[in-house]
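Asks: The structure that follows is given in the form of structure tokens.
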Amino acid sequence: MSQKFANLDNVVLRADLDKPKKHADRVQKGFTAAYPTQSSIPYRHRTSIIPESEKKGFNSQARRFYSKKDDVPGPGFYNVIHQSPVFSSASLSKRGTCTFPSTCARLGPIISKNPAANAYTIRSDLASKKDFSNSCSSMFQLPSFMKVEKSETPAPNHYNASIASCRQKNNVCARAGFLSKTPRGFIPSSASGGPAPGHYNVNESLVRQSPKFLMSCFKSRTGRGLKPTSIGPGPGYYNPNDQTKILKKSYFPKTTLLNFSAHPLPLPPKPPLPGPGQYEIVNYEGPPKHFISSASFVSNTSRWPMKSSKPNLPGPATYKPEIPGKQSFLYNEDNKWVPAV
């Protein structure tokens, strides 16, 4: 019954859509009901009615199965038989077309010179009496289940360990399987003698005066501010190029001599050699040439041509070479070829 009513509703809806609408292009005035009367605003679009069966799939308004009839065939509807456009050609073959087809087979039959694997005839004396393809009988095999002799060595859980050595000392932590017997709360006896490290005070006054700040227990006794006791000069103290100055005795008396010449004056000492950066180099060849390039690996080749020592030599592209022509020869009476003049 429900299907019949649904069909009747569809027929009524189609009939209403096919009828021409009255007062569709006019604006109605006054009170109008919302349903089932038409809207007062004219419109040209056709109302699409979606059946209730299409609204069940996640609020989708699109039809699940699109059934639109048109003249275009769908995929798989073609029945095309591909035939060659050439029917009466001498070069037509199953493998394609070519200019001069060959009727011979491309690869001939391969005939092996050796016999096949099943073509051998084995002599009866070499053939085995036992067919190894069949399973072996149980008579020539060891029994699968047999009693194994018990070993005299006890199993890991068959020992009777002494309870006294494995007794738990306290209940603070769990007892391990291989527990150490060394007690964790070992306190050395006072009869052992010396104090423990860090429990005694070293008298530093016997070695050197103890400073006022804190020091470590095992302090190094090496002095940090020792003065050198060596008499020899240290590194950088002497000049190897310096000559030893020998005091010369003056042969002139201190008193004034009665002569007309003065005392000879000693030569002035040599000035010290200049160090790096103290030279003042003077360029007497003129101002330096400033190169255009300023790269890190600048070329050392000069950009200005230098005058050659032989000015009479021709430069490049000054030669005019001439291509030599063909030279004719004459055969003389002495059977020799002589160039013609």
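Here the Cβ of each residue, glycine as well, is placed from N, Cα and C on the backbone.
Note that the coordinates shown come from a computational prediction; the quantities given were computed from them, not determined experimentally.
From Swiss-Prot, here are the annotated features:
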MOD_RES   Y78  phosphotyrosine
REPEAT    73-81  repeat 'STPGR 1'
REPEAT    115-123  repeat 'STPGR 2'
REPEAT    154-160  repeat 'STPGR 3'
REPEAT    194-223  repeat 'STPGR 4'
REPEAT    232-255  repeat 'STPGR 5'
REPEAT    273-284  repeat 'STPGR 6'
REPEAT    313-323  repeat 'STPGR 7'
Asks: Write out how many residues of the repeat 'STPGR 6' (273-284) are helix, how many strand and how many coil, based on DSSP.
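Replies: For that range the per-state counts are 0 helix, 0 strand, 12 coil.
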Asks: How many other Cβ atoms sit within 10 Å of the Cβ of Y78 (phosphotyrosine)?
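Replies: The answer is 7.
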Asks: Over the span of the repeat 'STPGR 3' (154-160), how high is the average pLDDT in this prediction?
Replies: 74
Asks: Does DSSP put Y78 (phosphotyrosine) in a helix, in a strand, or in coil?
Replies: coil
Asks: I'd like the per-state residue tally for the repeat 'STPGR 7' (313-323) from DSSP, helix first, then strand, then coil.
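Replies: Counts, helix then strand then coil: 0 helix, 0 strand, 11 coil.
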